[in-house]
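Structure, as structure tokens:
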Amino acid sequence: MSRQAPSSAQKNDKKAPPPPPPQKGPKPFNAEDYAKPPHLTKEEVLEVKQAFDIFDNDGSGSIDPQELREAFEASGIKTYHNKFIYQVLGELDTDNSGGIDFEEFLHLATAKVSDKDTREQIQKVFNLYDWNKEGRITWDELKRVAQDLGEEMTDEEIQHMFKKADLDDDGFVTFDDFYNLMTQKEYGKQ
């Protein structure tokens, strides 16, 4: 039996190679996915993304605890206690993924501040200072926080700061004292 050359119809019966499998990993960043004109333009999203990328050293798409620590230290804030890092992370990591993704970072960077939000945010900061969770900050706690943040302050400077914050002169900085100081409101008026 002699072999015949395949006809052109037979050549066209060959199957085309399958399409390449979809690429795994994060999808490419598109600022338009996050832009919400007129409140947030594509250019503003790109600026926030640049800041996010500075913190996200490994390019994973999430700021992990080590990267957060490095960001604080690069800003001159020494973090001797992991508790501080995890408290900050816990406040910002809304999906409990263990890191701060771009969407969480964008929300933080662009959040509109209302009086209610301001009070809640200031309460969170106050809680970071209130190590004993007594609802008030003592002089020792203020000194400890200053040291944890790497502030080189004398006892006299800390005492001056404490007296300035203790608006009702009761020997403690209460949340109301702290709130009024942070918002520059007169004591007793809210």
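The chain as shown is numbered from 1 upward.
Positions of Cβ are set from backbone N, Cα and C atoms, glycine also.
Just so you know, TrEMBL annotations never went through curation; they're auto-generated.
The compositional bias 'Polar residues' annotation in TrEMBL covers 1-10. Marked as region 'Disordered' by TrEMBL: 1-42. Summarising the annotation, TrEMBL assigns compositional bias 'Basic and acidic residues' to 33-42. If you look up TrEMBL, you'll see 43-78, 80-115, 117-152, 153-188 marked as domain 'EF-hand'.
For the domain 'EF-hand' (80-115), the model's pLDDT averages out at 80. With a cut-off of 8 Å between Cβ atoms, the residues of this chain six or more beyond the domain 'EF-hand' (117-152) that come close are 76-81, 84, 87-88, 91, 111, 158-159, 161-162, 165, 172-175, 178-179, 182-183. Same-chain residues lying 6 or more positions outside the domain 'EF-hand' (153-188) and placing a CB less than 8 Å from one of its CB atoms are 118-119, 122-123, 125-126, 129, 135-139, 142-143, 146. Taking H, G and I as helix, E and B as strand and the rest as coil, DSSP gives the domain 'EF-hand' (80-115) the counts 21 helix, 2 strand, 13 coil. Counting residue by residue with DSSP, the domain 'EF-hand' (43-78) contains 23 helix, 2 strand, 11 coil.
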